[in-house]
Amino acid sequence: MATATTLSPADAEKLNNLKSAVAGLNQISENEKSGFINLVGRYLSGEAQHIDWSKIQTPTDEVVVPYDKLAPLSEDPAETKKLLDKLVVLKLNGGLGTTMGCTGPKSVIEVRNGLTFLDLIVKQIEALNAKFGCSVPLLLMNSFNTHDDTLKIVEKYANSNIDIHTFNQSQYPRLVTEDFAPLPCKGNSGKDGWYPPGHGDVFPSLMNSGKLDALLAKGKEYVFVANSDNLGAIVDLKILNHLILNKNEYCMEVTPKTLADVKGGTLISYEGKVQLLEIAQVPDEHVNEFKSIEKFKIFNTNNLWVNLSAIKRLVEADALKMEIIPNPKEVDGVKVLQLETAAGAAIKFFDRAIGANVPRSRFLPVKATSDLLLVQSDLYTLTDEGYVIRNPARSNPSNPSIELGPEFKKVANFLGRFKSIPSIIDLDSLKVTGDVWFGSGVTLKGKVTVAAKSGVKLEIPDGAVIANKDINGPEDI
């Protein structure tokens, strides 16, 4: 922990005042209070690590292992069961669906055939447990924003063959930038006074909740952590098997960058360790180089495989000092700061940590309604086991780029504007602006733009086939 000796007198006083104020916040546990003060102390001591650009090396295939070089899997179902008995699946479930106009946890947005993200996750694990006679548990890490709703939602899975456990990530007070006081002490006692400190918090929260010890007692060895909105983040035994054989304590799945991913974090070799390099850590003069697909060819999918005993060892030693991400916000006109950490940045603290360079199919996030259009279309199919699989009929390995105007931003509006989702198997790009409505059975091919003039409602008729066209009015269809 940052002590007064590493701080200027002014910062030491700031931290002491903050300690006194936080001590009186009864909404949070002692673990949360000390975790928060620890984080702020590190932030004030300015321990942010500066990257020496000349020391960055491209990781070798030993460090970032190509997927096809992973150890081969046994075909024996008994061996598969042995592997699965060591596994826990953890989904990061702290996010709300607000950016897509939904209330409640993002994981309950319907993805396809009336099934939500959470329904699909449960189906997948149910199928594994049934097929191999194993018992892979599902853990959901909620935030205080999603906890109550999630408890109600998981009741519907009471009859499934899965143990579902929920726990909360930490709840920290937002800091008022002006005087470094906790926002809840300023009379803002509602949810706006607090924040969840990023998914780097998964490790201490797993420990503090008691879940980590309970899992270790059941003989579990590895946790597969992924965002609940990544439809490609399914259990992969090849990765798990490789980690167990090679005693790798941590594995980050990376995949080749496309132009859409230039801001994503990448893995580098730095002073003999593999570590995550995020755009925020890159000196200004090197940002364009960081974004180049030539030099930094891979990016972090946030699918992580981590050894449970190693998490316990490092959390107990207070060794997981990930880079702090300062996230400035404004609440009711008051400038506040929230300090966060990312789970991927923990890679450098684990022994024999590696990356696995996986196929792009393992990264299928739904961040906006444009992504929802992709996964609800004929570009993908849904299997009985809950897997969203790309349609082999599409010859182009990359997905079409889709830009929808603000009229489509909310899920309800998006669904209302499509009588049915168009066929996009041969689409390269789609850009839609203005008050546009799609009929049923529409087919889009090549490069298509649809732009309704201001104040004009533009309807694409049922059954229309539009190939390589710019449509600005009914006469263009």
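Any Cβ shown, glycine's included, is placed from N, Cα and C.
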> According to Swiss-Prot, GLY94, GLY95, ASN227, SER228, ASP229 bind substrate; which one of HIS199, HIS242 is listed for that same site?
Replying inline: HIS199
> Considering the UTP binding residues LEU92, ASN93, GLY94, GLY95, LYS106, GLN169, ASP229, LYS367 given in Swiss-Prot, which of GLY133, GLY198, GLY333 is annotated for that site as well?
Replying inline: GLY198
> Rounded to the nearest angstrom, how far is the Cα of LYS106 (UTP binding site) from the Cα of HIS199 (substrate binding site)?
Replying inline: 15
> From the centroid of the CB atoms of GLY94, GLY95, HIS199, ASN227, SER228, ASP229, the recorded substrate site, which same-chain residues not already listed sit within 8 A by their CB, in sequence order?
Replying inline: LYS91, LEU92, ASN93, LYS106, SER107
>> I'd like to know which of these binding-site residues, GLY94, GLY95, GLY198, is least surrounded, judged by other CB atoms within 10 A.
In response: GLY95
> Reported as an integer number of Å, what is the Cα distance between GLY94 (UTP binding site) and SER228 (substrate binding site)?
Replying inline: 9
> Which whole-number value in Å describes the distance between the Cα atoms of ASN227 (substrate binding site) and LEU92 (UTP binding site)?
Replying inline: 5
> Once near-sequence residues are set aside, which residues in the chain of SER228 (substrate binding site), 6 or more away, have Cβ atoms under 8 Å from its Cβ?
Replying inline: LYS91, LEU92, ASN93, GLY95, PRO105, LYS106, SER107, PHE117, LEU118, ILE121, LEU140
> Which of the three DSSP states, helix, strand or coil, fits HIS199 (substrate binding site)?
Replying inline: helix
